[in-house]
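**Student:** Before we start, here is the structure in question, set down as structure tokens.
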Amino acid sequence: MDSAWANVSDSNGSSCEVHSNQRAAQTIFTVYYFIVFIIGSCGNILALHLTFKRGKKVNSTDIYLINLAVSDALFTLALPGRITYYILNFHWPFGDSLCRITAFIFYTNTYVGIYFMTCVSVDRYIAVVHALRFSKLRKTCCVKYICLLGWCIVVLQTMPLLFRPMTKENKNTVTCMEYFNFEDVNHLPVLLLLACIFGYGTPFGIILFCYMCISMRLCKAAKNNPIADKNGQYNRAFNVIMIVLIAIVLCFTPYHINIIQFMVRSLIRQQTCLDNKAFKMSLQITVAFMNMNCCVDPIIYFFAFKGYKRRILGLFKMYVSGPSVTYSENQSTSQNQGGTVLVEL
């Protein structure tokens, strides 16, 4: 966990306390991660509940989004430990083993999330641009293997975190998952740059490509036949991939750009104490943005599930208005049994 507190060595070999506004950071991030925990857990559990409650056969989009929601739900289980870490003024009281598990969950969620966002984008791209040519890739049996492959790849990449110390004692405070705890790793800048390229850069390029291709296809279709998409399926596909792109840019881009620029500079020259302080502060902020992805993902479900918006608004109306709305909501649901079907593109 990247706190604003640590001791590192500067270019002269002397001790450098990477400390900036510790008290403010403690308060802000305690509140922030508590909000992320509430919104992320409720949003993803609700998405899973609505998905399985409808009892209909799942399609390719269903499967990808279910895996994304499961990953986010698992991530929220690790947030209470993180909140405690900030409450105790950046002290980890749960031991190294639990810190390793937390680190494993954290990075697995990050790159599993990117993987399945990429899968959703490619799925929308195939549905709009190559509906017949690559239709086999959208069959549920094939999609399940793609999901399994993604989990295996990411787990294998993050599993080394379970086999190295993640905590470090400093001034009677035990830190957990600090970047500067990894300084003894050989070729760390190169390893992190490769992780950024393959874990973030390549998926982002694929998502951007899919977005551009779908945009051009929709523009061409609208020009040739303005009423070709009567039921709005193409537009829904466009909206889904646009939200995915925004989520990638908002949540994951700042963190990876921050890591890339610091690692490149570290390869060129030894970083000064001032450099380390600036990196530590920016890392804290960008990690917070990245952790926000578990709150942003339910927005993807909102656009991908045709009935998700209606169900959410129905639940909210029922909560606000009480039992008087229950009968009308149930009646509306029974009259529209197909309302919760996902986009079938």
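In case you wondered, yes, glycine gets a Cβ from its N, Cα and C as well.
What you see is a predicted model, and the numbers here were worked out from it, not measured in a lab.
Heads up, here are the entries from TrEMBL:
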| type | residues | note |
| --- | --- | --- |
| DOMAIN | 43-301 | domain 'G-protein coupled receptors family 1 profile' |
| TRANSMEM | 31-52 | transmembrane segment |
| TRANSMEM | 64-88 | transmembrane segment |
| TRANSMEM | 100-122 | transmembrane segment |
| TRANSMEM | 143-163 | transmembrane segment |
| TRANSMEM | 190-216 | transmembrane segment |
| TRANSMEM | 237-257 | transmembrane segment |
| TRANSMEM | 285-305 | transmembrane segment |
**Student:** Of the stretches 31-52, 143-163, 190-216, which racks up the most C-beta pairs under 8 Å with the transmembrane segment (64-88)?
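**Tutor:** Checked against 31-52, 143-163, 190-216; highest Cβ contact count belongs to 31-52.
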**Student:** Any contact between the transmembrane segment (31-52) and the transmembrane segment (285-305)? By contact I mean 3+ C-beta pairs closer than 8 Å, pairs at least 6 apart along the chain.
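**Tutor:** Stretch pair touches.
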**Student:** Cβ under 8 Å, sequence separation of at least 6 from the ends of the transmembrane segment (285-305): give me the contacting residues as numbers and ranges.
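**Tutor:** The answer is 2, 29, 32-33, 36, 39-40, 43-44, 46-47, 50-51, 61, 65, 68-69, 72, 75-76, 109-110, 113, 117, 120, 236, 239-240, 243-244, 247, 250-252, 254-255, 258, 312, 340, 342-343.
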